[in-house]
Amino acid sequence: MAGELKVLNALDSAKTQWYHFTAIVIAGMGFFTDAYDLFSISLVTKLLGRIYYFNPASKSPGSLPPNVSAAVNGVAFCGTLAGQLFFGWLGDKMGRKKVYGMTLMLMVICCLASGLSFGSSAKGVMATLCFFRFWLGFGIGGDYPLSATIMSEYANKRTRGAFIAAVFAMQGFGNLTGGIVAIIVSAAFKARFDAPAYRDDRAGSTVPQADYAWRIVLMFGAIPALLTYYWRMKMPETARYTALVAKNAKQAAADMTQVLNVEIVEEQEKADEVARREQFGLFSRQFLRRHGRHLLGTTVCWFVLDIAFYSSNLFQKDIYTAVQWLPKADTMSALEEMFKISRAQTLVALCGTIPGYWFTVFFIDIIGRFVIQLGGFFFMTAFMLGLAVPYHHWTTPGNHIGFVVMYAFTFFFANFGPNSTTFIVPAEIFPARLRSTCHGISAAAGKAGAIVGSFGFLYAAQSTDASKTDAGYPPGIGVRNSLFFLAGCNVIGFFFTFLVPESKGKSLEELSGENEDDDDVPEAPSTADHRTAPAPPA
């Protein structure tokens, strides 16, 4: 049995020590960069529209055409989806460590290249931006399954959830840093190159130097990724991959002897026995019987969660404008608009996003993944309905702060809820040789949801009145009806959570069935051994 391997028992029972925190920082900085890169584009899209699609005859500032806006906002998600599938599969074939370095260098190169452009025409700049952001997303996609898998395989079973959640929580700091960098850059440029509002001077409201501002914001994301490359390459391969997949238990024991500072002598025969017994593939009947409903649960929950999460997150600036929390665009210069959009996103990250992530870190190994995910979907539904039902009340003068508070609570329960748990659980419940692949499939389903949100919300949230839509967009269903739709997505996630097992306090081998003989596995998982919700107290 896998559970008889001394090296895995040593990892499961290890006390929390320095190498755990080192792994959190190394893996977490990748997610810091991921979040910074994916969300920073929403801070500069209005500026891009003013610079490259300026029309002197228009009463409103230039904006990205619908197809260009959809491409700029969504192309990184397309790359991320492809990267999650490809690097997730590759991580199980080549090893976590080897592939980890590839993804990071791809992120660094494409992050820097995102700020470059071929020519100065709108078409040339947008084509360059979309090309490099696709490949940036491809690298980011690999970071999802690999970071989660590496952290889960390094962690002890008592605090594994908190460690994986801490890696994911670095996204919150990535969002916050993106807003802060954009605030500093826009404020510095505005102080040096001040400009009048658009309605006072249409051409003069966007100074030529503003073209550098968005490039600096996007390129800054390469710095934290570059700083962690050396340390990623120094990490040894995870013991679970080396012993259970590469079938070299002695090397796994040697690696973990250095990490844990204890002497571990492993018997190769035990690892060979596990490898002989655990040979079924992803598309086999045995995988379907053991893990089919689990994979369905993780993919559907992540898919519907990301529809709601990314459609709201990417277009915060449009929602703020709708409730008049931001001034009208023609009353601001280009850099002033960038500053105020960045300030709004920074406040939401600080008040609604970061606290939710760290609540998950502190409570996930106490109350479990199931309760947090179920509760998160429930409260997201409640708060979105609370925004949608009295939507006209929230958009009247004097009620805007209440809207923002409700919106912040929605994000709090997304992050102290399914946005964290959908990342954590797939790294725990699948066999070692398929763990990275299954996490990549689950994450790719999430990014498919993000694509639906980021492309579809551009059109769906448009006013039903054709005279009030953004330039180039057909009438949509409006923000209010969009919020009803997103609440419905959360309801679906609530019910599919019941397909996902509770993983608190169990070893990875116990959860994946690698401790069981094939003959011991029932056709349908029993209630006692594969309980979805925690058992009630006796």
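For all residues, glycine too, the Cβ spot is worked out from N, Cα and C.
Going by Swiss-Prot, these are the annotated features:
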- 511-522: compositional bias 'Acidic residues' (COMPBIAS)
- 507-538: region 'Disordered' (REGION)
- 1-23: topological domain 'Cytoplasmic' (TOPO_DOM)
- 45-69: topological domain 'Extracellular' (TOPO_DOM)
- 91-98: topological domain 'Cytoplasmic' (TOPO_DOM)
- 120-123: topological domain 'Extracellular' (TOPO_DOM)
- 145-163: topological domain 'Cytoplasmic' (TOPO_DOM)
- 185-210: topological domain 'Extracellular' (TOPO_DOM)
- 232-294: topological domain 'Cytoplasmic' (TOPO_DOM)
- 316-346: topological domain 'Extracellular' (TOPO_DOM)
- 391-396: topological domain 'Extracellular' (TOPO_DOM)
- 418-440: topological domain 'Cytoplasmic' (TOPO_DOM)
- 462-481: topological domain 'Extracellular' (TOPO_DOM)
- 503-538: topological domain 'Cytoplasmic' (TOPO_DOM)
- 24-44: transmembrane segment (TRANSMEM)
- 70-90: transmembrane segment (TRANSMEM)
- 99-119: transmembrane segment (TRANSMEM)
- 124-144: transmembrane segment (TRANSMEM)
- 164-184: transmembrane segment (TRANSMEM)
- 211-231: transmembrane segment (TRANSMEM)
- 295-315: transmembrane segment (TRANSMEM)
- 347-367: transmembrane segment (TRANSMEM)
- 370-390: transmembrane segment (TRANSMEM)
- 397-417: transmembrane segment (TRANSMEM)
- 441-461: transmembrane segment (TRANSMEM)
- 482-502: transmembrane segment (TRANSMEM)
Which of 24-44, 70-90, 164-184, 397-417, 441-461 contacts the transmembrane segment (124-144) most, counting Cβ pairs under 8 Å: 70-90
Helix, strand and coil counts within the topological domain 'Extracellular' (391-396) (DSSP): 4 helix, 0 strand, 2 coil
Top Cβ-contact partner of the transmembrane segment (441-461) among 24-44, 295-315, 370-390, 397-417 (pairs under 8 Å): 295-315
Stretch with greatest number of CB pairs under 8 Å, the transmembrane segment (295-315) reference, 24-44, 70-90, 347-367 candidates: 24-44
Selected stretch (most C-beta pairs under 8 A with the transmembrane segment (164-184)) from 24-44, 70-90, 370-390: 24-44
Result, the transmembrane segment (211-231) in contact with the transmembrane segment (24-44) (3+ CB pairs under 8 Å): yes
Other parts of the chain folded back onto the topological domain 'Extracellular' (120-123), taken as Cβ under 8 Å at six or more residues beyond its ends: 52-53
Chain residues outside the topological domain 'Extracellular' (462-481) and at least six past its termini with a C-beta under 8 angstroms from it: 58, 60, 63, 65-66, 319, 322, 388, 391-392
Contacting positions for the topological domain 'Cytoplasmic' (145-163) when only residues 6+ beyond its ends and CB under 8 Å are counted: 11-16, 19-20, 23-24, 27-28, 30-31, 84, 87-88, 91, 96-97, 99-100, 103, 235, 238-241, 361-362, 364-365, 369, 423-424, 426-428, 432, 435-437, 439-440, 443, 503-508
